[in-house]
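Novice: Pasting a structure below so you can have a look.
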């Protein structure tokens, strides 16, 4: 199979893997770390966390920072591929 | 060939659809152990386990950039890939969300050691700015995501390359298993710190591990697929960097 066809299939599969649970599973899709705390208090009710995060951003800021994290990474990936592509077309034209 | 692949793909989708509908929704938790949620002794223990790998990782990074400075951009790419992937909280079959790790790609390209540095930078960012994970638990989280995951991924890659010689399949398996093993190690860490009153360590392990084994499977598959996607893109430009890297990957 051609690379491009494979890539399209891969993207569809990844999107389906994320979307199908949303449509078919009846859950609240919480950010889950909270449930870890519940599980720990269930196993050991006396446990008290002895350190708390230095900064705890409000939910909106947190999602902004997550977006920023993804943007920085994706930006660099885009840069790298642009660079590869530029080099490849340059060596082809010579 | 093409028809066979599409049929297989459709079967896979159908299988997952059934898997999703049959599964009971339950809560699980994301990979990182929250700030303050490891007793002091265990926090120190995992820091101590992690630091030697971090130092080895730094040395490996310096060696790579010295010997093959052309590969700096590939190192950056591996780091950027974990940065993106660990920011993506993806809904999973158990009705909760978790995220991929993205460490498999770098482990396959450069071996497991450089990832101990690249992965822990991501964790530090999340611990400091996002209150996701934590400083006291950074040792444990880095050990699972930036040390154990990449080591397993790299071992799987090497072993599968020797057994089958199919590079893409090996990369897929390496990335997926690097992801899964990260969560397995996290549940071991939590169970060691919080053994159940009856049944002890193993009972806790079944509790922590049983839940996210299921949550993590589709995410591990996504991670494997995304890693293949990046790899396909890299190949379509067939740059000098890739051929240097390929030689390194075969020689090492």
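Placement of Cβ uses the backbone N, Cα and C atoms for every residue, glycine included.
The transmembrane segment feature in TrEMBL is assigned to B:40-61, B:73-90, B:110-131, B:138-157, B:169-196, B:208-234.
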Novice: Would you call the transmembrane segment (B:208-234) and the transmembrane segment (B:73-90) in contact, using three or more Cβ pairs under 8 Å, pairs 6 or more apart in sequence?
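Specialist: They are in contact.
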Novice: May I ask which of the stretches B:40-61, B:73-90, B:169-196 has the most CB pairs under 8 A with the transmembrane segment (B:110-131)?
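Specialist: Ranked by Cβ pairs under 8 Å, first place goes to B:40-61.
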Novice: Which sequence-distant residues neighbour the transmembrane segment (B:169-196)? Criterion: at least 6 residues beyond either end, Cβ under 8 Å.
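Specialist: Sequence-distant neighbours of the transmembrane segment (B:169-196): 31-33, 38-39, 42, 46, 98, 100-101, 103-105, 107-108, 140-141, 143-145, 148-150, 152-154, 156-157, 160-161, 202-205, 207-209, 212-213, 216-217, 219-221, 223-228, 231.
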